[in-house]
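Below: the structure, in structure tokens.
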Amino acid sequence: MAETKKLFIKTYGCQMNVYDSERMAEALGGNGYEEVSSAAEADMILLNTCHIREKAAEKIYSELGRMRDLKTAKPDLKIGIAGCVAQAEGAEIMRRQPMVDLVVGPQSYHRLPEMEARAGGGEKVLDTDFPEEDKFELLKARPKSKRGPTAFLTVQEGCDKFCAFCVVPYTRGAEVSRPVDRILTEARDLVARGVREITMLGQNVNAYHGAGTDGRDWTLARLIWELAEIDGLERLRFTTSHPNDMSDDLIDAHGRCEKLMPYLHLPVQSGSDHILKRMNRSHTRDSYLRLIDRIRTARPDILLSGDFIVGFPEETDADFRDTVRLIEEVGYGQAYSFKYSTRPGTPAAERGQIDDAVASERLAELQALITRQQRAVQDAMIGKEVGVLFEKAGRMPGQMVGKSDHLHAVHVDSDTLQPGDLRRVRIIGSNTNSLSGVVL
Ligand code: 5AD
Ligand code: SF4
């Protein structure tokens, strides 16, 4: 029998990369690889990279610099770059870091086993195509037998929206939805292996329009209702969404589908109509606020999450104030804010950039506001009863941690709870990044 080789994968960026890394590990299992948790013992290191902001790509190059010693100590060590930096930089990576053996873009992961075999023979291999075939269908390998209680499942990939700041349409390609039957098969398989909560992933997941089991295209809402029929699957989530694709049936599902959790990540990016227009967002501040009203009418306790960019080209103080006011008006339970980062090849990269110190000041102000809001939303949970899906032991002895319906981390004292247990919990305390509760 062939000796098992050791694979170390480091994942950067979004949840879809986490999902992709799992699938790549499974696929390479077929080539005799077993995953390990340290780079030092690996025969192959795979960096699954993110290109969304500048620092992300620079991090990869410095990580590669640090790996030079490993490669010197073990000349047979193979180093591969996957993900969005691989897609965007392609052969440039091997030019800049000749010790890289393999570069694979996100749409070519099903070709990884064959690429690994060629790299093993000493070849330098690169694949950043956007092939026609269904990579997920071809990514069948050796699934892990048992799983934790939560899992990601990609249902849609890519984006056709072309926001002026964003590289995603170029790195992940055009919007594609997976067919419903494949998603259902994968979901049932996950549930059979212990999964009780699935987060459906897509760069534009609410634009989902995959081929349904009746031959028609299904919406995300229709898919949610179908997944909700699976026995043993208790919770559904999805991320990440665009305001323009928040259809009536999806809002209705938020109001009526018990398994769909009351949490919605719906990035708006800016509160200024002028900036939204320059971002090519094709919605306004007002249309977004009206949408939020409708969602809250359908599901009053929904926790809203968002993404914000500050320092976008031409952003004035007044534009920034509009964003601050919007955040104050909506009240987010969770929000992520970023300083605008120029991405080569995107329309906004061609425009006059604003002063970095001004952008940093705005970012600090926004983050302080968001932190206060998050804490206020958390504190307001005290005394409430929520569902918690327990995932693992906490840091303190006798403690278990899980996620609430609203995606807050919750810890309780218990000697009997197991990972995968879903319980009603009364919240009794709020800390910096988590809540504490008692099982009812
Ligand atoms: N600069 C800063 N933030 C960005 N994002 C996407 N592209 C950029 C960029 N060029 C942010 C957006 C998006 C999130 C995933 O990353 O807010 O919603
Ligand atoms: Fe990028 Fe999202 Fe805009 Fe698509 S919708 S271009 S993924 S920010």
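Quick reminder: no glycine exception, Cβ is built from N, Cα and C everywhere.
Where the annotation comes from TrEMBL, it is an automatic prediction and has not been curated.
For reference, TrEMBL has these:
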BINDING   C14, C50, C84  [4Fe-4S] cluster 1 binding site
BINDING   C159, C163, C166  [4Fe-4S] cluster 2 binding site
DOMAIN    5-121  domain 'MTTase N-terminal'
DOMAIN    145-376  domain 'Radical SAM core'
DOMAIN    379-440  domain 'TRAM'
Listed in sequence order, residues not in C14, C50, C84 with Cβ within 8 Å of the centre of the [4Fe-4S] cluster 1 site Cβ atoms: Y12, G13, M16, N17, T49, H51, I52, A56, G83, T171
8 Å Cβ shell about C159, C163, C166 centroid, [4Fe-4S] cluster 2 site members excluded: K161, F162, F165, V167, V168, P169, Q203
Contacting binding-site residues, sequence order - C14, C50, C84, C159, C163, C166 vs ligand 2, Cβ under 6 Å: C159, C163, C166
Close-lying binding-site residues around ligand 1 among C50, C84, C159, C166, where CB distance stays under 6 Å: C166
Greatest C-beta neighbour count within 10 angstroms, which of the binding-site residues C14, C50, C84, C166: C84
Rounded distance in angstrom between the Cα atoms of C50 ([4Fe-4S] cluster 1 binding site) and C166 ([4Fe-4S] cluster 2 binding site): 12
Secondary structure composition of the domain 'MTTase N-terminal' (5-121) [DSSP: H/G/I, E/B, coil]: 65 helix, 24 strand, 28 coil
C84 ([4Fe-4S] cluster 1 binding site) and C166 ([4Fe-4S] cluster 2 binding site), distance between Cα atoms, whole Å: 12
